[in-house]
Amino acid sequence: MSWSFLTRLLEEIHNHSTFVGKIWLTVLIAFRIALTAVGGESIYYDEQSKFVCNTEQPGCENVCYDAFAPLSHVRFWVFQIILVATPSVMYLGYAIHKIAKMEHGEADKKAARSKPYAMRWKQHRALEETEEDHEEDPMMYPEMELESEKENKEQNQPKPKHDGRRRIREDGLMKIYVLQLLARTVFEVGFLIGQYFLYGFQVHPFYVCSRLPCPHKIDCFISRPTEKTIFLLIMYGVTGLCLLLNIWEMLHLGFGTIRDSLNSKRRELEDPGAYNYPFTWNTPSAPPGYNIAVKPDQIQYTELSNAKIAYKQNKANIAQEQQYGSHEENLPADLETLQREIKMVQERLDLAIQAYSHQNNPHGPREKKAKVGSKAGSNKSSASSKSGDGKNSVWI
């Protein structure tokens, strides 16, 4: 009998079962299949040919053997192995189909992406470089990364070790796994009870038969009864061991699920504020504790800037003097003098702006002349203000 096909199928179950399930599979292959294929056939190959009865009545010996063994021991154990392994094989087919479907869906999602790149944020330049260049660079900038490189990095990371129970739960196979485990347990109990009613716990050396067409009670003799009794007890022990492993696996799944739920609740109590807000894609920002300061652009010291400052100061002083003059009723002549001086200062300021806009000779004679004129105008205006109303004002 060739067991290679069933053995290959059961090896695939090893990849989708728990730690206890792997032990059960080892017992099934090493004891049941190996013992039945090697020891059972060699022990029971002559059970009917060596079954001898002390009668010459035709057909009596066959009828007595049928009464002694309604079903051959080897055929009974082969049928038991097939039925017990059937739920596991069905679970294997369902698991392979579902996992392949999940992998195909993930592959379609990856292929549907428009760009095979992954984006992550990286610091652009150091603070010292930005200060030297007097430029404000972005603190974080996106760096493109190939998906293949990202997958290689994920594959190189060590995966958490587990006994298969978490993998079954993550793949959504827990319900079907429990169902096949229950079916396997029911078959074990059924065959254990059937084996007891068919064969008992001992193979007797002789069997008394009184069936027709036997004329009277006759004695039939069995070959190697002690060896067959030992082998029968071994098969009882293997069946009981497999049944205990099934019960152990059910307890393992139940207590493991309870322990995982308690651990998850404990982690939620320890971290109450974790992940209480929805994830939003925010704009790039600096990491915590990262501060950057950019030096402001320094205003160049030029004569044009001095002229602008002088114009603003003179305008403020004139407004202040007009306010005081309105209350004290200053002479109209003083106002006319001030207006003429303001006009002269404004003309000189326009000349300075024109000279600066050309930028051919920023320190040329025109700027110097404008500078001297602005100083003379400011001195005259200050003198006139002193003679006008006696109020002190600062002129630039």
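Even glycines carry a Cβ here, placed using N, Cα and C.
Per Swiss-Prot, topological domain 'Cytoplasmic' is recorded for 1-22 (among others), and the stated evidence type is sequence analysis.
Annotation comment: Swiss-Prot describes 23-45 (among others) as transmembrane segment.
Per Swiss-Prot, the feature transmembrane segment maps to 76-95 (among others).
Positions annotated as topological domain 'Cytoplasmic' by Swiss-Prot, on the basis of sequence analysis: 96-175 (among others).
Per Swiss-Prot, region 'Disordered' is recorded for 145-165 (among others).
Swiss-Prot lists 147-156 with the feature compositional bias 'Basic and acidic residues'.
The transmembrane segment annotation in Swiss-Prot covers 176-198 (among others), and the record cites sequence analysis as its basis. When Cβ-Cβ distances below 8 Å are used as the criterion, the transmembrane segment (176-198) is approached by residues 17, 21, 70-71, 76, 80, 83-84, 87-88, 90-91, 94-95, 168, 235-236, 239-240, 242-243, 246-247, 249-250, 253 of the same chain, each at least six residues removed from its ends.
According to Swiss-Prot, the transmembrane segment annotation covers 229-248 (among others), on the basis of sequence analysis. With a threshold of 8 Å between CB atoms, the same-chain residues lying at least 6 positions outside the transmembrane segment (229-248) that come near it are 20, 23-24, 27-28, 31-32, 35, 39-40, 43, 73, 77, 80, 84, 181, 184-185, 188-189, 191-192, 195, 199, 201-203.
Residues or ranges marked as topological domain 'Cytoplasmic' in Swiss-Prot (evidence: sequence analysis): 249-396 (among others).
Look at Swiss-Prot and you will find 355-396 (among others) tagged as region 'Disordered'.
Per Swiss-Prot, compositional bias 'Low complexity' is recorded for 373-396.
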PLDDT averaged over the residues of the topological domain 'Cytoplasmic' (249-396) | 61
